């Protein structure tokens, strides 16, 4: 895993160093997240910004400590297995608890609710209500007719198959719509730019003081950014060299993924990375997962039943690494450009960060894999996208014949619904569209459950009330509070994993069941 990550991650750091001059200096794309980060960094160098940053850090530390000690306290009551503790607290009664409607006291998901927009949190809750409140109970009533009643809880020929493939349909519908939308915007914008460039330039000799100042600042940024740039020959040779090594070595890691399929991925990748980077610069949407799904289906169907699942997933990983890394690093380069940072320093920092991630990520994965039951439908770490992508690969090989009764019709219905909802979001005025749900957010609870939607909704309610009481404080500190809650809970997983590895179990199992005699 470490070797594979190094090949994929570092390779596209080289490729990104070729793109940044085109995207940032020639096309002058916005890259909203990178621009926002740069504005935040620049604000730290003012007295007011430095003072606020200090308060935000103290706020983050406070809520990190609270979250860490709360997670530690919860551990003592979590017993052995997956049915004990605050994570299984039947907040709304045992009947709703069976359908995963309960508040599980998770600081991470409450923190996510504080960070995510209100419409995303409400969309997640709506998806949970539709799936676990109505759809799954309705399908369960047809057990024995639509699917065999004696199947296990994670058998894809039963209810579990409906959960996974309907979620996939919503995700694919949303992803396909946005992919077409971003490509359309990109082509239109590039056409407009080429049309403007073909006209004679209009020179305005009379410029006000403010305009002259902005032009001088822009010129200074370009001088600083280009002075320490990465030579094109160096970036190109680095990409080609690592691509050749990858083509030779990846098939030894994943034998079903033949060398010519890896080579084709590397040949097609620059064009896809360019499209994704351009679209991200315009809209701030990174659609790497959509490109990855397309590659997954194509490669899995080409390889067939003899290793098609592994080949499809490996190709998906290669494609997503290529496309995602290019777009993410463009955001970083935009931040560097606006903060008068050296492009060479940015490139070296990206290489060092990528190299660290290539070692730390597999080791972290190994620790989680050793300590917890990753991917279990009944466990705390369900790894939903791992299951979804695997089933996509199986679907690409076997087709729709293995799906349970009426599953394909339901999938088609939700796929079309995702397209229609996105179309309505774009076609209606902002005052209406801001209340229309996001299909991608709705899809997640279809597979995972409703409990995390409850947590996120609690977070969004807290944020909503905070905004009503003191909007400025909520804008200044909501991110710090959320980050503290998420980080504290995340840090606790390290000692929790170590305890699990050494087979140290929590001393108490807090369990809830029906009252005696009821």
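For all residues, glycine too, the Cβ spot is worked out from N, Cα and C.
Listed in TrEMBL:
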TRANSMEM  6-25  transmembrane segment
TRANSMEM  119-139  transmembrane segment
TRANSMEM  159-180  transmembrane segment
TRANSMEM  233-253  transmembrane segment
TRANSMEM  259-278  transmembrane segment
TRANSMEM  285-303  transmembrane segment
TRANSMEM  309-330  transmembrane segment
TRANSMEM  351-371  transmembrane segment
TRANSMEM  407-424  transmembrane segment
TRANSMEM  444-466  transmembrane segment
Top Cβ-contact partner of the transmembrane segment (309-330) among 159-180, 233-253, 259-278, 351-371 (pairs under 8 Å): 259-278
Distant-in-sequence neighbours of the transmembrane segment (159-180), which means Cβ under 8 A and at least six residues beyond its ends: 127, 131, 135-136, 139-140, 143, 147, 151-153, 285, 287, 289-291, 293, 377, 384, 387-388, 391-392, 395, 403-404, 407, 410-412, 414-419, 422-423, 438-440, 442-444, 446-447
Top Cβ-contact partner of the transmembrane segment (233-253) among 119-139, 259-278, 444-466 (pairs under 8 Å): 259-278
Segment proximity, the transmembrane segment (119-139) to the transmembrane segment (444-466), 3 or more C-beta pairs under 8 Å: yes
Contacting positions for the transmembrane segment (351-371) when only residues 6+ beyond its ends and CB under 8 Å are counted: 1-2, 5-6, 9-10, 13, 381, 493-494, 496-498, 500-501
Long-range environment of the transmembrane segment (407-424) - Cβ separation under 8 angstroms, sequence gap at least 6: 161-162, 165-166, 168-170, 172-174, 176-178, 181, 400, 433, 436-437, 439, 443
